[in-house]
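S.K.: Residues annotated as domain 'CUB' in TrEMBL: 25-174, 221-333. Per TrEMBL, the feature disulfide bond maps to CYS221-CYS248. Taken from TrEMBL, the feature domain 'Sushi' covers 335-400, 401-470. Summarising the annotation, TrEMBL assigns domain 'Peptidase S1' to 523-778, 778-1025.
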Amino acid sequence: MKEGPGGADLLRKKTDSVLSGSSECVYEQALAHIVELNNMFGQIQSPGYPDSYPSDSEVTWNITVPEGFRIKLYFMHFNLESSYLCEYDYVKGDDDGIADTAHQQLEEGQDPKAVVETEDQVLATFCGRETTDTEQTPGQEVVLSPGSFMSITFRSDFSNEERFTGFDAHYMAVDVDECTEREDEELSCDHYCHNYIGGYYCSCRFGYILHTDNRTCRVECSDNLFTQRTGVITSPDFPSPYPKSSECLYTIELEEGFMISLQFEDIFDIEDHPEVSCPYDYIKIKTGPKVLGPFCGEKAPEPINTQSHSVQILFRSDNSGENRGWRLLYRATGNECPKLQPPVDGKIEPLQAKYFFKDQVLVSCDTGYQVLKDNVEMDTFQIECLKDGTWSNKIPTCKIVDCGAPAELENGLVTFSTRNNLTTYKSEIRYSCQQPYYKMLHSITDVYTCSAQGVWMNEVLGRSQPTCLPGTSPSSSLPQGLPRQALGPQGPWWHNLQWVRCAFLSEVCGQPSRSLPNLVKRIIGGRNAEPGLFPWQALIVVEDTSRVPNDKWFGSGALLSESWILTAAHVLRSQRRDNTVTPVSKEHVTVYLGLHDVRDKSEAVNSSAARVVLHPDFDIQNYNHDIALVQLREPVPLGPHIMPVCLPRPEPEGPAPHMLGLVAGWGISNPNVTVDEIISSGTRTLSDVLQYVKLPVVPHAECKTSYESRSGNYSVTENMFCAGYYEGGKDTCLGDSGGAFVVLDDSSQRWAPRGAWGSSRWSVCGIPKFSRNLMARIFNGRPAQKGTTPWIAMLSHLNGQPFCGGSLLGSKWIVTAAHCLHQLLDSEEATLHGLDLLSPSAFKIIMGKHWRYRSDENEQSLNVKQIFLHPLYNPNTFENDMALVELLKSPVLNDFVMPICLPQGPSQEGAMVIVSGWGKQFLQRFPETLMEIEIPVVDHHICQEAYTPLKRKVTRDMICAGEKEGGKDACAGDSGGPMATLDTERGQWYLVGTVSWGVDCGKKDRYGVYSYIFHNKDWIQRVTGMRN
């Protein structure tokens, strides 16, 4: 910041009139007085103000402020004698000679006036009271000095005819904006000027630095390196004037072997001197030890061949001048390499007349050809001109693209459309499927062309192969069962067909390559089938190694698609020596297709099973819904000896009576032969070759009556039909189970099945995989073995706290106690309202539960859809204390989750029952695992007498169980849990009751009271739609 002067010398007399922080009027009553003022502000008044000023007076005020400021003067009061051109009294400005000038004016007889001057000029002269044509008063005018000095002089003449009060003026220092007002080029900023109070400073644009003179900007250009083979170099800011006071160094550094040439353009303007060579600004060029230049002026140097791979260019400018600068182009050349010829069916880029050191050439081939170099195929190949004038490699050749032998098409053929079976670029092939067993999608062309990329391409599929679709196309997933109302026993027989039809769409099916004859003999001693006569026939061999000794048996089946086999459910039921309905493990099933003679299975296609699915309503007791599906692990190839059978059209009334159909199989007539002998084909009791028989459909009523008249529990349901002759002699036998009964469709002339012998049901109930020792005496209960009670359900609050038990009925129903599903009522006579019921969203059902608080992988947590309380439930007496809970989704049935059966009849007194639950034991603490007790059913009259003294009534909808001496009972927390018993004849567990109420858990003569399931069975069946 520029400092103002530290003080002022009095020329004649110095009076400091303005002190720090205040101002003081200054005047002198003497002639030609001078007052020096150097403060930043002050006040000036005429002598004697506000009284009349004296005559013949002269006072001069010299005001000085620091450099960078100017002085602002304005008057608050002005009243002087008026005179023409201010000849008498006045105020004026003057420099150091103002006083002398005033004396001279007086001596020369001039009139007084007011003049405000600087050192160089008069700024203003004031007199009078108001402005006229010949005199001027300051009024509101502000007088501003151009610099940091101003001189004000007051002069009065020798007489005043009137009383004039003089003037009152003020001054102050104001900032000077040097950036807009400075006109001296040598003091102005090159780029940017920044004003501040009392001074200014300069700054530069990006890439420039401020010179030591604090105003000139010079460029930083001392480190410029160029390594490219060609380039452009210019002076800074070209074509604008280059900066001053700069020194730039440009270095071109290339690989040895190049020679650099320089070419200046026409625009060349460097400051020069007419007499001295380049004294100010210039360019010098250094190539090795040689220095060229200096160069300046307006004429560019001639082209320069430096004969060097390294060049330095020095450019220097002084602190003056406005010249545009220069621009040059540099190039580098090297040794020349021989001319190149492109390969046959190829090209080189760039194609030039000459190539020099470091030039690179890219060799590529025409479409459909590949560059071949050292037996390696590639898209392009690059070579380079070396320092010694040779190429880095020879030009490679171009080889036509070869797609190679086309991949074989599964279930299809490939033929060549191009002569000589060529596989090179643009060659064509055609794929086709093995007709009529496989077809290609109609929207896909079968032509593939060898592409430039070396792969066989199709205009639709690209490089992907077509797919030969079999005549029968399975859907993506197998149906898990139709709605119960469509599969019940009252439904028509063809509901089984609906269950299967969901999964398959038939196109090529039921058309054997050989025509089936009209008349045939019986299978037992009947006629052999020729190979290919029944191409859908499958032999299913089952070897269940999970049994000791191993179970081995076989049956027949029918091919529905390349991946699915239709057969009877009882063929694929595991543990055939008991009543369980569990499919055999898929690992134990082998399927033979295309088999004719069982002595030679090598000609057949054998496949393992990927999935075994029994009908969801298979009933082992009456063979209802005796139908199953086997999914093969790999699709089988279709052909003359392997072809699916068609699915029939729906027939609500079933097959027409007396309709003729064919059945084929390898069955046997001697039931005493072993399965090992059958499978090994080592006995003549098994038919060596496939046999068949023609049988008529028997009217349903006639067949049903025939079986009802026989001994044994036979039941012909609406889902079955019968075929055969009244006199016998023709029939299917052991080993033919699962084989298809096929008839000819008159409209399509295709063969379709109407049935497979046998039926069954998946809705297994009351047959747990894990058994218990029933008759063991259990004191105070015992922990239940895991999986022995798979129907038990835990009712749990959403926080995981269990509160009751229940039992699974069917696929999605839980039976429990009604008092579990409402809030505790206030009194014994309270009325149950809807608001007292638990919301379905307030609790959940847990199946597969064993531990009370811990969880394991077998548990399934299920949400509740709705609840049904028995309509005659009385919360005060616990009459009809029963409720049903409908699940939002059915649980997955497995070894740990299975429904329990509904009872077939009333329970007998003394029958042993099992009660299960997680309730408190006699020690009044909750168990860790599921507990069970074995107790007898108590006579209803005895139970009623035991509770009469307590004024509790045991009604007919209740059943009692327990020991007279006590010790075994269901307790708190067991409510709603199952009381079950085993039907030893059927091998199934049935639900007898649900835990309801009792007094003094486990005490003598205090039997447990349960809601009687058989009494309310009709209500349960009405709500759930279940039969059992």
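Yeah, the Cβs are placed from backbone N, Cα and C, and that goes for glycine too.
What's the neighbourhood like for these features in this structure?
M.R.: CYS221 (disulfide bond) falls outside any helix or strand according to DSSP and counts as coil. Listed in sequence order, PRO236, SER246, GLU247, CYS248, LEU249, TYR250, PHE315 are the same-chain residues six or more apart from CYS221 (disulfide bond) with CB atoms under 8 A from its CB.
When pLDDT is averaged over the domain 'CUB' (221-333), the result is 91.
The domain 'Sushi' (401-470): residue composition by secondary structure is 3 helix, 25 strand, 42 coil, according to DSSP.
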S.K.: Over the span of the domain 'Sushi' (335-400), count residues by DSSP class, listing helix, strand and coil in order.
M.R.: 0 helix, 33 strand, 33 coil
S.K.: Taking the Cβ of CYS248 (disulfide bond) as the centre, how many other Cβ atoms fall within a 10 Å radius?
M.R.: 22
S.K.: Could you tell me which three-state DSSP class CYS248 (disulfide bond) falls into?
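M.R.: Reduced to three states, the DSSP call for CYS248 (disulfide bond) is strand.
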